[in-house]
């Protein structure tokens with residue numbers, strides 16, 4: 001029976017990471033981790049020296065990525081603060097992969 005699988009609930013949140021997160025390959029590592037976890041969305045450097053972005057994934061994957069953003073072990077990076085929007089359920093993905101915006 002085709003299509004008999006249960007659809008996964010998808011959730012989304014926005015993030016902004018503060019600290020020493022530019023010039024230390026933070027976006028590259030974030031993209032790699034998101035792809036490893038099956039998280040879709042994007043990240044980019046801001047003019048204020050932060051990295052911000054959006055995440056979309058099933059809840060467990062989203063929470064793993066959120067934890068990674070707060071506690072990563074990227075050489076030379078130092079997160080001083082991580083801000084996240086409220087998690088919202090969405091009907092379907094709006095991104096097809098995880099991208100680094102320039």
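From the backbone N, Cα and C atoms, a Cβ is placed for every residue, glycine too.
Sequence annotations record features per position, and here Swiss-Prot assigns domain 'Acylphosphatase-like' to 12-102.
Marked as active site by Swiss-Prot: 27 (among others). In the three-state DSSP assignment, the secondary structure recorded for residue 27 (active site) is helix.
Cβ neighbours within 10 Å of residue 45 (active site), excluding its own Cβ and spanning all shown chains: 17. Taken from Swiss-Prot, the feature active site applies to 45 (among others), supported by an author's statement.
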For residue 27 (active site), nearby residues of its own chain (Cβ under 8 Å, 6 or more apart in sequence): 43, 44, 45, 51, 100
